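A quick write-up on the structure given underneath.
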Amino acid sequence: MINYEVTVFTGNLALASTFNSVYITLVGTDGESKRIDLTSWKPSFLKGQVSHFIVSCPKFLGKLVMIKLDKQKRILKDSWYPAKVEVKSPKNKTYHFPIYHWITDSEVYCFREGTALRIFDDSNSHVGGHSRQQELKQRQKVFRSSQRRLAAAKTKQSSPKGTANHIGHICHMSWDVYAQGIPQCIKADSIQSLPYDVQFSFTKTAEMKYTAVTGLVELELIEMAELKKKWTHIDDISHLLCAHRTQVTDFVHKHWKEDSLFGYQFLNGVNPMLIRCCKALPKNFPVTGDMVSLHGGGSLADEMMKGNIFLCDYKLLDGVQPNTISRKKQYLMAPLILLQKTSDNKLMPIAIQLKQKPAKDNPIFLPTDSEYDWLLAKIFVRSANFNFYEVSVHLLRTHLLAEVFTVSLLRNLPMVHPLYKLLMPHTRYTLQINVLARQLLISQTGVLTRFAASGGKGVITILQKSLSSLTYSSLCIPDDIAERGLKDVPNFYYRDDGLKLWEIIFRFVKEILTSYYKTDAEVQKDSELQNWIHDIYEHGFLSQASTGIPQKFTTVDEMIKFVTMVIFTCSAQHSAVNSGQYDFGAWMPNSPVTLQLPPPTKKGKASEKSMLDTFPDIQTTVHGMAVMWLLSKQSSDSIFLGQYPEEHFSEEVPCQKIKDFQVELKRLSAEIKARNSGLDLPYTYLDPEVIENSVSI
């Protein structure tokens with residue numbers, strides 16, 4: 001008899017253990033073993049356990065290419081989460097079979113040997129088209145199973161969680177249209193209809209529910225959550241920060257009225273994506289040199305020529321229908337802001353126009369105006385910024401795009417594909433968090449719909465307008481920074497840290513993928529890779545050629561750049577535009593979710609009372625804070641950039657490149673910490689130590 005040493009690793013997750021009978025079949029190029037029962041009277045598949053077995057065969061099986069696993073009920077039906085299986089052959093060769101899936105039914109599932117292979121690498125029929133079709137059928141079966149679970153749940157006939165038929169993200173997923181003109185999403189009626197493998201872990205689920213339920217309690221705001229009264233004194237708003245303060249919230253609270261912090265946030269706040277160098281004023285922004293008071297003297301024309309004048313234009317918000325909250329109309333402006341880089345390297349606002357069309361009742365506000373005229377103008381800008389970044393910069397450009405990348409990955413790439421192995425860690429929890437966003441944030445009863453100026457129809461309008469104007473280059477930070485003319489702006493930490501991260505990720509992606517793709521022809525011939533990018537172009541960007549998104553890959557370099565963008569978007573970019581929400585928004589006057597009065601049509605009318613009357617009411621303020629608190633709070637089971645607890649790669653080259661990647665990220669983290677130690681307001685959001693691998697919150 002020929003003996004094979006089999007090692008089974010059960011995942012270290014809650015509820016990962018099984019007490020059912022587990023069977024394995026080894027499949028090689030020269031035959032396959034009998035179906036062997038690995039279970040004895042002693043439990044062998046407990047959480048985090050490594051179990052060793054001997055599988056005997058009458059003859060040598062040749063090169064091992066696949067294993068088959070199934071689990072059969074003994075006393076009680078339960079779930080099992082195998083992480084991986086390793087098999088050592090009689091010739092002392094070890095084969096690796098990455099799994100990382102929940103198995104909850106009694107079906108037989110096939111897992112191929114872990115060496116990454118492309119579709120055109122069909123030298124062995126067992127790892128070529130035949131087995132890929134087998135995996136596709138397996139995915140289709142699992143998808144149907146998840147849909148049956150949903151139907152059963154609706155008739156109250158479903159099994160308890162953990163015993164239903166599913167095997168996770170190897171399902172054949174379908175696209176769905178949430179609204180016309182925005183990226184398509186996964187077809188899922190509820191969280192329960194998602195395959196188990198893309199759902200939150202037990203830990204993540206418990207923490208999210210706790211945070212969502214207790215957020216107002218933790219922030220000590222529960223008693224104010226239903227007060228629909230106006231604020232009567234600015235100090236009353238200060239009390240909201242008592243329960244949870246950070247270094248940034250304290251800084252913002254202290255300096256929120258100052259022009260320097262107002263300008264700083266266009267670079268290093270939650271929306272660093274709008275500001276651009278201004279060489280010529282828009283025709284609808286009639287600022288004159290005589291009108292503005294420039295820092296350091298000089299003329300407006302000279303300062304523009306030197307590259308010291310910058311523009312933020314919220315024209316995308318023009319025409320968006322503002323929300324109605326508590327039967328009261330809200331106000332959302334589409335402002336234009338002109339800023340100047342000063343000799344002491346600050347970015348200072350010099351003019352604000354709150355509506356797009358110049359008119360007598362649309363004055364251009366200046367720092368030389370009265371205190372409350374100027375302050376109220378900046379407040380209207382900050383409110384517009386909240387609604388713009390939350391929907392366009394945060395929801396669309398990270399969450400919805402990450403979902404598109406994920407669904408296309410799971411629809412088109414088999415588990416042995418190198419791109420599947422590279423990108424799978426960057427899809428963790430994305431589908432469930434987006435289903436929750438559609439249910440709890442932007443639905444008819446969602447928080448944004450109830451409390452934000454852009455809620456309801458406005459959200460969809462902003463998403464549609466944003467997608468139609470989105471470009472591939474704007475998703476690639478080196479191109480984006482260059483196009484916006486921001487290469488030389490001082491103290492632009494988002495740019496500095498982001499460019500370094502992009503280069504680190506780019507080198508990592510290049511070294512991994514060029515170890516599999518040696519020529520452009522290999523990229524062109526990989527039909528699975530081409531299906532992946534075309535699905536993204538068609539369903540994510542709605543076949544809009546104007547976006548510049550590739551419809552196919554013709555070169556290795558094209559593929560490397562796009563994959564770099566995907567990883568950067570799902571990790572670094574999401575961290576940059578998400579993690580600071582509570583920091584910059586907890587002090588409501590710095591980031592009002594909505595405003596209750598229209599802007600002044602004449603100067604000299606604003607006062608502290610009119611400012612307080614314009615602010616959102618107490619209930620709206622409190623719920624806005626709670627949402628930002630929830631969206632900024634990481635889970636205890638977060639996995640950060642460069643961490644790969646799931647070992648999808650087994651080959652020497654990618655495993656070594658992962659180690660090199662981790663070293664580079666650690667070095668950058670140390671550089672960022674050293675820089676931050678000298679700053680009054682540290683920029684931490686692109687420190688690799690706090691960047692999650694995926695869009696998971």
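Placed from the backbone N, Cα and C atoms, the Cβ positions cover glycine too.
The Ca(2+) binding site annotation in TrEMBL covers Asp78. Cβ neighbour count for Asp78 (Ca(2+) binding site) (all protein chains, 10 Å cutoff from its Cβ): 17.
TrEMBL lists His394, His399, His574, Ile697 with the feature Fe cation binding site.
What TrEMBL records for 2-117 is domain 'PLAT'.
Per TrEMBL, the feature domain 'Lipoxygenase' maps to 117-697.
Cβ-based neighbour count (10 Å, all protein chains) for Trp102 (site 'Essential for stabilizing binding to COTL1') stands at 24. What TrEMBL lists as site 'Essential for stabilizing binding to COTL1' is Trp102.
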The domain 'Lipoxygenase' (117-697) [mean pLDDT, rounded to integer]: 90
Listed in sequence order, residues not in His394, His399, His574, Ile697 with Cβ within 8 Å of the centre of the Fe cation site Cβ atoms: Leu395, Thr398, Ala402, Ile433, Val577, Asn578, Leu631, Val695
His394 (Fe cation binding site), number of other Cβ atoms within 10 Å: 23
Nonlocal neighbours by CB distance (under 8 Å) for His399 (Fe cation binding site), same chain, sequence gap 6 or more: Thr430, Ile433, Asn434, Ala437, His574, Val695
Using Cα positions only, nearest of the binding-site residues to Trp102 (site 'Essential for stabilizing binding to COTL1') (Asp78, His394, Ile697): Asp78
Distance from Ile697 (Fe cation binding site) back to Asp78 (Ca(2+) binding site), taken between C-alpha atoms, in Å: 29
Residues of the domain 'PLAT' (2-117) by DSSP state, where helix covers H, G and I: 0 helix, 58 strand, 58 coil
